[in-house]
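Undergrad: What TrEMBL shows for this protein is this:
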- 79-105: transmembrane segment (TRANSMEM)
- 117-139: transmembrane segment (TRANSMEM)
- 172-193: transmembrane segment (TRANSMEM)
- 200-222: transmembrane segment (TRANSMEM)
- 242-262: transmembrane segment (TRANSMEM)
- 282-306: transmembrane segment (TRANSMEM)
- 326-347: transmembrane segment (TRANSMEM)
- 368-391: transmembrane segment (TRANSMEM)
- 397-416: transmembrane segment (TRANSMEM)
- 437-458: transmembrane segment (TRANSMEM)
- 478-496: transmembrane segment (TRANSMEM)
Amino acid sequence: MPQSGVLVDFFKPSRWALEREETTFANNGWSNKDMDPVPLRLRTWTTWNYISYWISDATNLAVWELASSMLAIGLSWRQALPCIAVAYAIISVVMVLTGTIGARLHVAFPVLNRSSFGFWFSYFTVFSRVLLSMFWFGIQTYNGSQCVYQMIKAIWPSIARMPNQLPVSANITSSGFLCYFLYWLIQFPFLFVTPHKIRWLFFAKGVLTPIAWLAMIIWAFVKVPASQGLFSQHAAIEGSNFSWAWLSAMNSALGIYASLSVNIPDFTRYAKNERAQYVQPFIIPIAFTLCSFVGIAVTSAGIQLYGEVLWNPLLLIDRWDNRAAAFFASFVFALTTIGTNISANSLGAGNDMTALCPKYINIRRGQILCAIIGGWALCPWEILANATGFLSFMDGYTIFLGPFAGIMVTDFYLVHKGCVDVPAMYDPSGRYRYTGGFNWRAVLAMIVTVAPTLPGLINAINPAIKIGYATHLFDIAWMYGFFVASLVYYVASYLFPAHDTFVDGLISADHVLPIDKQYDEDRKSPIETVQSGTEGRG
């Protein structure tokens with residue numbers, strides 16, 4: 001074949017179509033193997049896996065920076081810690097509620113939310129999260145590159161004097177670009193680890209990172225005794241300013257894991273059983289509050305030692321003379337950032353893109369696309385250098401994530417009481433079509449909750465636009481969105497029930513088809529078996 005013919009063939013859509021696999025729902029055109037309910041043999045996550053997962057996630061840069069930044073806005077450590085504890089206690093309850101749905105149904109977020117949002121409206125939530133995941137993948141990769149810089153600097157200090165061959169308009173230096181490329185390259189192979197095996201990465205993180213954080217807090221108390229640093233600090237704000245600052249800080253803490261509280265079913269669907277992930281409301285508040293205390297204590301020591309609030313631990317590490325300690329601490333933060341980027345961003349994007357285009361994209365391909373688009377096409381160093389308003393918008397996206405979680409939880413537990421039809425979630429003409437593929441009750445709940453918080457989001461993007469006291473609603477956007485959306489959705493569903501969506505009991509993939517059996521004795525296609533198994537059941 002001529003070379004031009006090979007090139008044309010390479011770009012043909014059929015060349016990239018996934019093989020039609022003999023799985024439960026893949027042959028109906030709306031799924032593939034990665035979107036199907038997880039078979040019994042791949043349900044491998046135990047309670048200890050979820051404990052190590054959350055311990056490893058609690059020790060990431062964002063948690064440290066959030067806790068430290070609370071000191072910068074004027075809160076004392078005595079006020080910041082209860083704020084953090086309350087926030088993570090709330091999000092942990094939501095986490096186990098949405099996580100139980102995944103563990104019970106064994107399906108990912110993009111599939112299960114069709115039962116509450118409607119088959120087609122669910123794509124709004126999925127597409128929204130794809131964009132969010134890709135942007136944050138790039139930003140987290142840039143954060144990881146700073147860890148690599150500190151690691152190289154600890155071995156070869158001369159990198160700090162490396163000549164910059166890039167123009168100022170590039171918004172990144174030659175050394176910075178080198179470290180970014182190295183970190184992206186180091187991170188890339190982890191994208192090929194399947195979701196049911198990635199738990200071992202979290203186990204390694206859960207062992208190494210607490211050691212590093214413990215060493216850093218010991219260093220802080222040795223350098224600056226608590227009586228002179230941490231315990232001597234007092235709040236710099238009071239009255240109503242303190243109250244709103246406290247609530248805003250709590251909303252920020254909720255916002256860090258607002259996205260994961262929605263897509264945690266992407267992980268809990270691999271649980272051995274529902275009980276395996278029940279540990280989340282216990283481990284999350286404890287682990288995150290303790291890690292936040294470390295961040296606050298070390299930052300307080302930094303204030304006494306260096307005379308400024310170094311809320312980013314890498315800025316603190318940059319001041320250290322002990323190169324071995326700097327390398328180890330930076331290595332741990334780099335490892336932590338990889339795990340967070342995979343769990344919160346690339347895997348989420350992979351699952352979501354699989355739902356958007358199941359004929360051509362599986363989880364692995366989705367993760368690779370996320371790494372290329374989020375890591376390179378979006379140029380995160382440009383975003384961080386020029387777009388303060390854009391980052392405010394990305395942070396403010398919690399105005400959507402709160403309602404997403406509220407609607408999912410309310411629909412499954414209060415409206416349908418756990419009785420849903422999993423096979424119907426793969427059928428665009430099935431019982432979850434609602435009205436033209438849109439559940440108007442979910443649309444109504446989104447409008448009622450998102451619209452009032454939009455002025456606050458606009459003000460966050462452009463502070464020059466004054467909106468008065470309306471900004472306070474934005475300060476509690478996640479809490480407002482979750483609880484108000486839940487109430488509106490429940491009332492609308494109670495007054496105007498969608499009768500066609502109700503079934504007498506849970507219809508799971510396990511009920512309608514043996515989970516590891518591809519075809520029945522009569523060689524019927526899987527979708528035919530599913531349909532025959534659901535007749536007369538709702």
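Just so you know, glycine gets a Cβ as well, placed from its N, Cα and C.
Curation does not apply to TrEMBL; its annotations are automatic.
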Undergrad: I'd like to know if the transmembrane segment (282-306) touches the transmembrane segment (117-139) in this structure, counting it as a touch only when three or more C-beta pairs sit under 8 Å and are separated by 6 or more positions.
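TA: Touching, no - the transmembrane segment (117-139) and the transmembrane segment (282-306) miss the threshold of 3 or more Cβ pairs under 8 Å.
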Undergrad: Let me spell it out: take the transmembrane segment (79-105), skip the flanking residues so only those 6+ beyond its ends count, and list any with a Cβ under 8 Å from a Cβ in it.
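TA: Same-chain residues near the transmembrane segment (79-105) but 6 or more away: 37, 66-67, 70-71, 112, 235, 242, 246, 249-251, 253-254, 257-258, 260-262, 264-269, 271, 273-274, 276-278, 280-285, 288-289, 292-293, 296, 405, 408-409, 412-413, 418, 420, 422, 479, 482, 506, 508-509.
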Undergrad: Quick test of the contact rule: Cβ under 8 Å, at least six residues beyond the ends. What residues does that give for the transmembrane segment (172-193)?
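TA: Same-chain contacts beyond the ends: 141-142, 144-149, 152, 159-160, 162-166, 201, 334, 338, 341-342, 346, 364, 367-368, 371, 375-376, 381, 385.
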Undergrad: Grab the same-chain neighbours of the transmembrane segment (242-262) for me: Cβ-Cβ under 8 Å, and only residues 6 or more beyond its ends, written as numbers and ranges.
TA: 62-63, 66, 70, 73-75, 79-80, 83-84, 86-88, 90-91, 94-95, 98, 109, 125, 129, 132-133, 136, 235, 343-344, 348, 395, 398, 401-402, 404-405, 408, 472, 475-479
Undergrad: Ranking 200-222, 282-306, 397-416, 437-458 by Cβ pairs under 8 Å to the transmembrane segment (326-347), which is first?
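TA: Answer is 200-222, with the largest number of Cβ pairs below 8 Å.
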Undergrad: Name the range, of those listed as 200-222, 397-416, 437-458, that has the largest tally of Cβ pairs under 8 Å with the transmembrane segment (282-306).
TA: 200-222
Undergrad: Cβ under 8 Å to the transmembrane segment (437-458), counting only same-chain residues 6 or more beyond its ends: which ones?
TA: 116-121, 392-393, 396, 399-400, 402-403, 406-407, 411, 428, 465, 467, 470-475, 477, 480-481, 484-486, 488-489, 492-493, 496, 498
